[in-house]
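J.: Pulled the feature table from TrEMBL, pasting it below:
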TRANSMEM  12-30  transmembrane segment
TRANSMEM  42-64  transmembrane segment
TRANSMEM  76-100  transmembrane segment
TRANSMEM  120-142  transmembrane segment
TRANSMEM  162-183  transmembrane segment
TRANSMEM  203-221  transmembrane segment
TRANSMEM  233-257  transmembrane segment
TRANSMEM  277-297  transmembrane segment
TRANSMEM  332-354  transmembrane segment
TRANSMEM  360-377  transmembrane segment
TRANSMEM  389-410  transmembrane segment
TRANSMEM  416-435  transmembrane segment
């Protein structure tokens, strides 16, 4: 009885909650160890944290301008498609689906499982099989909620954003109190140059940028935002500044209470902090951290499903994934597609190896997206964007991203090579499935194969469409 399309249900408050909820997740409770290990000292690690925050602000401002110039949802994918063309956008989609997003979701899920079980097994470490089981249960709960309702997913994100800020406050306040009382011994010789290894700095930046990642989330749901020209820049600026201040104070609190060696030795930094600072809340803070990770999982599923939805609508992904549930108005097939890969990575993955594995591909394509902003400005000088940043911001952000990606080959050649191979493996798929320009003999064979498999593909699509109760979007929303 009513048209089927994605409704504009994301207000300014929900956009702010989506950004806060996506940025403040497992990163600030996992990454301090990775940043400290690869930067070598307390002082340099704090410099890395601030530099990552500043870099995130640059990237967020670039994406805010892209969001006012390009009116489609889809985030990195649609920005690369509209500015640099179909090949790099497909390579991003390929790497995002098979490497970046499942690895990122697995990292956050494993952090959720670890912190959720920590109070029940302290002072011992939680068993790895139990952590992975709870991680998967949490991921499946979020998956079900996003399949059920856009409104309730957004409401949950708002509520969990408050929980995240409360969790940070419980770490910041006692640390600042101790610092005010003169507990500064852990900051002596903070900038020890002997422990600084320059070729490890890209890995420190990867760990820090992982904690800040999420500043781009509103770009994925642009078509569902209320007044996007106003709300995207406003939500981005306020949320990133909030997170930078919160992260800096949180890290200072960690070092005030724990010190460098304790942070490096801790499997869960926030839990070690609570054990040292105030034992009365030993069972509360890990649960708050776990809920924080839960919110990050919710934001990740909410936004990435829109990437698959838009890619399908643009003809670079199977058509089933551009369909919407006829009553729930959720992109159900796109939401459900990720769970097999995430399940596999949770079962076999390790947090820090997964982090380096997906960081290469992610920052490569984010750098390409901001390069696309420069290209788009050059091609369309007549376009009056309601929000515009100085040119040095996208230029400097792009150079830093691509330089860090290049340097990471020296820091972690194995995982980075795997990520690079994953990106390059998309080339033959693009030319066979999307571009379809080949020799006459190959074209003949491909035509025969397509004639055999197309009816089967169409049959399966129709059956799944009936089973999932989904149809194509009926109203253009961009």
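Here the Cβ of each residue, glycine as well, is placed from N, Cα and C on the backbone.
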J.: For the transmembrane segment (42-64) and the transmembrane segment (203-221), decide whether they are in contact, meaning at least 3 CB pairs lie under 8 A, counting pairs 6 or more apart in sequence.
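T.: Yes, the transmembrane segment (42-64) and the transmembrane segment (203-221) are in contact.
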J.: Tally Cβ pairs under 8 Å between the transmembrane segment (360-377) and each listed stretch (12-30, 76-100, 120-142, 233-257), then give the stretch with the top tally.
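T.: Ranking 12-30, 76-100, 120-142, 233-257 by Cβ pairs under 8 Å to the transmembrane segment (360-377) puts 76-100 first.
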J.: Which sequence positions outside the transmembrane segment (389-410), separated from its termini by at least 6 residues, show Cβ-Cβ distances below 8 Å to it?
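T.: Counting only partners 6 or more residues beyond its ends, the transmembrane segment (389-410) has Cβ contacts under 8 Å with 55, 58-59, 61-62, 64-65, 199, 201-203, 205-206, 356, 359-360, 363-364, 366-367, 370-371, 373-374, 377, 416-417.
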J.: Can you say which of 12-30, 76-100, 120-142, 162-183 has the most Cβ pairs under 8 Å with the transmembrane segment (203-221)?
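T.: Most Cβ pairs under 8 Å with the transmembrane segment (203-221) come from 12-30.
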J.: I need to check the long-range neighbours of the transmembrane segment (120-142): which residues 6 or more away from its ends have a CB within less than 8 Å of a CB in the stretch?
T.: 105-106, 109-110, 112-114, 267, 271, 275, 282, 290, 293-294, 297-298, 301, 339, 342-343, 346-347
